[in-house]
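Taken from Swiss-Prot as is:
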type     : residues                                              : note
ACT_SITE : 307                                                   : active site, 4-aspartylphosphate intermediate
BINDING  : 344, 348, 377, 378, 379, 380, 381, 382, 383, 384, 395 : ATP binding site
BINDING  : 518, 522                                              : Mg(2+) binding site
TRANSMEM : 34-54                                                 : transmembrane segment
TRANSMEM : 58-78                                                 : transmembrane segment
TRANSMEM : 219-239                                               : transmembrane segment
TRANSMEM : 254-274                                               : transmembrane segment
TRANSMEM : 588-608                                               : transmembrane segment
TRANSMEM : 616-636                                               : transmembrane segment
TRANSMEM : 662-682                                               : transmembrane segment
């Protein structure tokens with residue numbers, strides 16, 4: 001992925017964020033955040049009190065009240081700035097996507113074939129179901145499926161990846177995205193969406209959406225923060241009659257300052273920024289999440305369903321050997337295997353053709369001159385092949401070929417069963433070749449497990465995440481590769497129905513499941529999974545079923561998605577712990593300052609030795625505002641994440657953010673008090 005990453009504090013974004021922070025001072029904007037709305041209300045109240053004192057309408061220190069009011073406004077502005085900066089980063093990413101959208105004309109065909117008559121129409125007039133022809137140099141005008149042709153496509157505007165990709169009709173690489181460019185050849189595309197509903201439009205709307213829906217965890221945390229705010233509001237309100245009864249009523253300004261310092265303003269001011277930044281980090285990883293809910297679910301995932309090919313193994317299985325059945329010549333097996341693979345454009349199919357050529361000098365033959373019919377592979381049949389003259393040649397998985405042989409009145413030889421088992425035990429994939437009802441032998445396909453993948457799975461296991469390998473291989477091959485890779489479990493001979501059933505089984509146990517997919521046959525399982533990452537190179541059905549799209553089309557990205565989700569949850573939890581813990585230091589600063597005149601015994605709580613009641617209150621309010629600014633980088637970047645168990649992460653966060661939340665305010669408030677005293681402002 002080569003898309004330029006935004007600096008944490010881009011100057012242009014800072015200026016825009018400052019402007020937006022001021023705009024967010026309106027009551028309507030503040031009402032969306034109940035904790036900060038209380039601070040906003042306190043700011044308005046103390047501002048009115050300051051004006052009343054300046055004009056002589058009420059008695060009191062206009063300077064002290066004015067300074068308190070100023071720092072309360074700063075508290076609100078800093079919280080607004082954090083949210084605006086996070087949103088600004090997302091909007092900047094959205095603007096880069098908007099640059100991809102270009103006004104273009106399209107060749108709308110009157111019939112679904114490339115030589116049909118075409119009309120030039122604006123791309124905005126295209127509707128779902130329209131057929132368009134795009135040629136080399138053209139911008140693809142709409143999202144759709146290739147129904148004819150094949151071409152090299154530059155998708156760098158969407159994915160950031162400069163290497164072109166092949167898009168062709170049939171299979172799982174027929175999906176194209178509007179805004180990408182054709183580099184060579186031509187494609188006939190059936191538009192799959194209406195204007196304004198394209199993948200690019202949805203990406204932009206998701207990234208820059210101002211009305212971001214809160215996630216379930218955010219809602220739960222907001223309810224907790226509101227409850228704490230109400231408790232502290234009631235507690236603060238009851239302190240005035242207590243102090244008045246003692247003969248020295250506390251001023252409204254001090255009570256407002258006390259309330260603002262007691263309520264969890266730190267997490268209240270940063271909560272929205274954390275959520276927006278989480279989605280922004282996901283986009284930085286070239287993954288588009290349809291909502292914050294999907295990012296949050298990624299952090300709670302405890303089961304990963306991982307495709308073997310491309311995720312656990314390198315994905316370029318190569319034919320390594322022909323093992324004939326008893327009584328069959330190896331050359332005859334190689335010839336039949338090559339014929340069955342002539343129209344098979346998969347890496348495995350091409351490698352079979354090449355191996356037969358290398359071993360026996362068998363040259364490729366033209367399908368048309370042979371008057372042959374190719375039988376493509378399907379997830380249901382799990383075999384492919386060719387019909388030529390009176391010959392019916394198939395290659396496929398052991399079970400699929402066994403069913404095929406038995407349905408044609410044949411018998412599956414015991415020696416072939418043994419050869420299949422031997423190949424599988426070595427971790428290779430056996431493909432069986434059959435002609436009619438006669439089994440000819442086995443092709444061995446070697447697969448290589450990715451380096452370092454076993455260690456990554458060990459880290460996931462420490463975090464309490466179960467890894468399950470999904471493969472179409474037989475159980476012996478799957479077991480050998482699973483053991484080598486270090487996964488916890490595997491699903492062999494997987495069909496779409498089996499994947500769906502496995503996901504439902506785990507969900508019935510109360511677990512959250514994540515998976516990747518790219519084909520139409522993956523759509524049901526993607527729709528069922530809690531976190532479903534569809535490949536951008538996959539079909540439209542897969543992308544619509546998933547709640548995330550990986551622009552790099554890298555199945556391994558699922559592990560990174562889980563890491564980002566967990567980092568967002570950890571950031572939220574860590575800053576909540578810090579916010580609640582640092583209230584303790586504020587108690588020791590404000591309560592003695594506010595009530596020592598009425599109850600002298602409270603002077604014992606002034607453990608920081610603050611200079612005066614006014615400096616103590618002002619120091620606490622200033623610290624309360626500044627800590628939001630200091631924590632903005634942490635909220636946007638996320639806390640340092642290490643793959644640990646839940647209990648180990650809890651202990652680590654309590655030590656760092658719990659203890660830190662207790663210690664930092666004591667130091668910060670004391671330093672501010674000393675500075676105020678030195679400057680003569682105490």
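Positions of Cβ are set from backbone N, Cα and C atoms, glycine also.
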Outside the transmembrane segment (588-608), six or more residues from its ends: residues with CB under 8 Å to it: 239, 242-243, 246-248, 250, 254-255, 257-258, 261, 614, 616-617, 619-620, 666, 669-670, 673
Among 254-274, 616-636, 662-682, stretch most in contact with the transmembrane segment (58-78) (C-beta, under 8 angstroms): 616-636
Euclidean distance between Cα atoms of residue 383 (ATP binding site) and residue 307 (active site, 4-aspartylphosphate intermediate), Å: 19
For residue 395 (ATP binding site), the number of other Cβ atoms found within 10 Å of its own Cβ: 27
Beyond the flanks of the transmembrane segment (662-682) by at least 6 residues, Cβ under 8 Å: 67, 581-582, 584-586, 588-589, 608-612, 614-616, 618-620, 622-623, 626-627
Close in space, distant in sequence - residue 383 (ATP binding site), Cβ under 8 Å, 6 or more apart: 375, 377, 394, 395, 396, 397, 400, 401, 404
Distance [Cα-Cα, Å, rounded] between residue 522 (Mg(2+) binding site) and residue 344 (ATP binding site): 21
Residue 377 (ATP binding site) CB neighbourhood, other CB atoms within 10 A: 19
Rounded distance in angstrom between the Cα atoms of residue 381 (ATP binding site) and residue 518 (Mg(2+) binding site): 19
Residue among recorded positions 307, 344, 518, 522 with least C-beta crowding, 10 angstrom cut-off: 344
Alpha-carbon distance [residue 518 (Mg(2+) binding site); residue 344 (ATP binding site)] in Å: 19
For residue 522 (Mg(2+) binding site): DSSP state (helix, strand, coil): helix
All-chain count of other Cβ atoms within 10 Å of residue 381 (ATP binding site): 16
